[in-house]
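Down below is the structure, laid out as structure tokens.
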Amino acid sequence: MLHSQIKSDIKQCYENLGNQLDNFIPRRAQNYLVAEIAKTLAGEYHQKHRMLVGEAGTGIGKSLAYLLGGIPFALFNNKKLLISTATVALQEQLINKDLPLFNRIYPKEFSFILAKGRQRYCCNHKLEACCATNNDQQVTLWEEKPKKSDLDLLRRMLKATRDGKWDGDRDSWPTTIPDRVWPQIMADKHSCHAGLPQHRSCPFAKAREHLDKADVIIANHALLMADIELGGGVILPEPEQTIYVIDEAHHLPKVARDFSSAASSLKGAATWLEKLNQTIGKLAELAEYKKAARFQDAILENIQHLIPTLRQVANNVDVGMFSKDGIYRFEHGELPAWLEQEAKGCKDASKKALQSLGKIHDLISERLKDNEIQQRLGEQALAESGVYLQRLENLEKVWALMAQPKKDKGAPLARWIEKNPDNEGDYIIQVSPLEVGYRLDQLLWSRAAGAILVSATLRALNQFTYFCRQVGIYEMDSTRFLALASPFDYQNNARLVIPALSLEPQADKFTDLLIKTLPEYLEGETASLVLFSSYWQMNKVADELRPLAKKNKWELLVQGEESRHITLKKHKDNCKSGKPSILFGTGSFSEGLDLPGDLLKNLIITKIPFGVPTSPVEEAHAEYIESCGGNPFMQISVPEASKKLIQSVGRLIRKEDDMGRVVLLDRRIINRRYGKALLDSLPPFKRVIEYS
């Protein structure tokens with residue numbers, strides 16, 4: 001049961017909220033979501049499995065709901081609350097708006113912090129080494145001789161660090177730090193960690209101390225996945241001590257799959273292995289040769305197996321088997337016998353080399369800690385060995401996945417070879433799981449103190465089934481499911497118009513039909529957004545309509561012609577000055593674009609956003625479903641299109657008093673068997689269907 005003190009704290013928050021915000025009106029759906037989150041975390045639905053999956057439509061106020069339902073419970077039970085998001089925009093909203101507001105209304109003290117990965121911080125010792133007056137020392141840390149402007153920038157950064165005016169966070173430096181500069185000073189787990197006394201004052205170590213003390217932590221999905229891939233509790237708090245709120249949860253499956261994937265070049269890897277071959281003697285000397293000799297021998301032996309093998313694999317690749325995109329995918333993830341054999345050898349050799357280099361790295365670290373070697377030499381050696389450790393870790397992951405035997409149950413791995421665009425004659429080996437749900441369940445859901453997954457779009461075709469399968473949540477395992485409709489009056493404030501068209505989007509002449517049809521639905525409109533399925537089609541239509549736009553004094557703004565920020569600013573300025581403004585955009589404009597009020601009155605969607613399985617992972621997934629007797633179009637394409645279409649129409653109504661219309665120029669929503677399910681999953685617009 002939910003403790004009376006937690007109930008009291010939540011009630012007090014609501015009372016204080018009324019005092020803090022003018023015209024605050026409690027929303028029934030938000031109140032219900034708060035109560036369900038609190039009851040789920042308290043174990044009222046299941047004592048051990050404390051999970052809620054909630055789709056909360058636009059306007060409900062889900063972020064305030066999970067703060068109200070989650071923070072009082074977490075603090076009362078001495079747990080951390082970790083909020084994971086997919087976008088920087090939501091992180092900024094939470095840090096700069098929602099959490100400061102909650103801090104004012106919550107009757108008790110609590111602290112919150114934005115967590116970032118180690119690579120967002122500089123290492124003080126690397127920064128000092130780069131600024132050293134010894135030119136030889138400077139240059140050895142750079143792949144190319146540094147520019148004077150780069151060294152001047154580094155010296156300013158060092159001074160700001162020493163003066164306490166910069167915390168070492170890349171994002172907080174007032175100007176953009178060039179990508180050629182940042183890797184020289186970036187913290188890494190091998191050479192910059194709190195185990196070395198001289199690094200305990202480095203920016204990441206300090207940030208980690210603050211994170212350990214914080215009650216509420218904001219992170220992104222990538223950092224969350226990085227932590228659980230390491231076993232949990234390494235970068236972020238232990239899962240058993242953490243209540244997770246996964247906002248924008250519909251992005252989690254892709255992020256999780258990307259983190260479980262791996263890629264490595266063949267000849268490129270052989271090249272850096274040769275460099276390791278040349279430098280390992282120097283590292284072994286610093287590690288104390290007597291102790292390091294056997295590890296050095298093991299590294300040399302395994303490198304000398306890897307280098308010719310990787311080159312031989314590259315030479316054995318048949319260039320005639322690649323698609324026009326430079327990709328060859330192994331059907332059903334099955335490798336030819338010769339490559340399967342080489343994969344096993346590469347897996348074993350890279351694993352042994354990694355273990356042995358790790359031992360040498362640890363020996364150098366110990367000697368540095370005991371002041372047995374010069375700090376400058378030790379730091380430089382750790383940085384160098386750290387780079388090779390990271391490369392070997394990746395190499396071992398790639399070949400371990402390539403060598404993994406076929407499972408009796410479940411989806412196979414997607415495996416493919418890609419031409420290296422940066423190095424002619426070289427190839428990149430790539431491996432990715434098709435399904436990551438089991439891994440998420442094993443590493444996160446089964447260990448978490450509680451988990452709340454929310455988004456405005458989680459269901460496909462009005463069901464949670466597709467999302468649950470993606471993230472490893474089983475609908476019969478006592479998880480609490482909620483689908484809360486938006487409070488907006490769609491029926492009276494918005495129309496969904498489906499014009500009678502003669503062609504479907506896949507027809508050859510459909511682009512010509514768009515050019516002919518669009519002006520009818522742009523005429524007389526002040527603020528329009530037209531969403532296309534491809535850049536090619538968008539640009540073709542834009543080019544054909546420019547003369548008409550000029551004649552009618554429409555301002556036509558096309559995605560990609562200028563930065564997103566400038567394009568949207570021009571659109572907003574046009575709307576404010578009363579000039580008809582038309583935005584042309586592709587898929588990225590269908591999510592996360594906020595154009596409330598007079599900034600959008602007319603949304604035109606040129607086609608149902610079906611994705612064609614073109615990537616190796618998508619092709620492999622479709623192939624697997626077919627092999628199981630399923631239908632990839634109905635099991636993947638239609639659910640994905642449903643989610644994307646909901647996101648697209650969601651651009652129109654952003655606030656309670658917004659009004660406008662959606663025009664869908666795709667007749668398939670009327671005349672195909674899946675059309676009704678897609679249509680019924682949309683918000684309850686007033687429908688104007690021009691088909692008899």
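The backbone N, Cα and C atoms fix where each Cβ goes, and this holds for glycine too.
Copied over from Swiss-Prot, here are the features:
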- 16-293: domain 'Helicase ATP-binding' (DOMAIN)
- Ala56, Gly57, Thr58, Gly59, Ile60, Gly61, Lys62, Ser63: ATP binding site (BINDING)
- Cys123, Cys192, Cys202: [4Fe-4S] cluster binding site (BINDING)
- 134-137: motif 'DEAH box' (MOTIF)
- 247-250: motif 'DEAH box' (MOTIF)
- 514-692: domain 'Helicase C-terminal' (DOMAIN)
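Overlay of Swiss-Prot feature records on the structure.
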{"residue": "Ala56", "record": "ATP binding site", "contacts (Cβ under 8 Å, 6+ apart)": "Ala29, Leu33, Lys62, Ala65, Val454, Ser455, Ala456, Leu482, Leu484"}
{"residue": "Gly57", "record": "ATP binding site", "contacts (Cβ under 8 Å, 6+ apart)": "Ala29, Ala456, Leu484, Ala485, Ser486, Pro487, Phe488, Pro683"}
{"residue": "Thr58", "record": "ATP binding site", "contacts (Cβ under 8 Å, 6+ apart)": "Ala456, Ser486, Phe488, Gly650, Ile653, Arg654"}
{"residue": "Gly59", "record": "ATP binding site", "contacts (Cβ under 8 Å, 6+ apart)": "Arg27, Ser486, Pro487, Phe488, Lys655, Glu656"}
{"residue": "Ile60", "record": "ATP binding site", "contacts (Cβ under 8 Å, 6+ apart)": "Arg27, Ala29, Gln30, Leu33, Leu484, Ser486, Pro487"}
{"residue": "Ser63", "record": "ATP binding site", "contacts (Cβ under 8 Å, 6+ apart)": "Leu90, Gln93, Leu94, Asp98, Asp247"}
{"residue": "Cys123", "record": "[4Fe-4S] cluster binding site", "contacts (Cβ under 8 Å, 6+ apart)": "Ile185, Met186, Ala187, Asp188, Ser191, Cys192, His199, Cys202, Pro203, Phe204"}
Where Gly57 (ATP binding site) sits in the secondary structure, as DSSP reduces it to three classes: coil
Listed in sequence order, residues not in Ala56, Gly57, Thr58, Gly59, Ile60, Gly61, Lys62, Ser63 with Cβ within 8 Å of the centre of the ATP site Cβ atoms: Ala29, Gln30, Ala65, Ala456, Leu484, Ser486
Environment of Cys123, Cys192, Cys202, the listed [4Fe-4S] cluster site - residues of the same chain whose CB lies within 8 A of the CB centroid: Tyr121, Cys122, Asn124, His125, Lys126, Ala187, Asp188, Ser191, His193, His199, Pro203, Phe204, Ala205
Listed in sequence order, residues with CB under 8 A of Gly61 (ATP binding site) and six or more positions away: Arg27, Gln30
DSSP three-state assignment for Ser63 (ATP binding site): helix
The motif 'DEAH box' (247-250) - residue tally per DSSP class, helix then strand then coil: 2 helix, 0 strand, 2 coil
Around the Cβ of Cys192 ([4Fe-4S] cluster binding site), the count of other Cβ atoms that are within 10 Å: 27
All-chain count of other Cβ atoms within 10 Å of Cys202 ([4Fe-4S] cluster binding site): 25
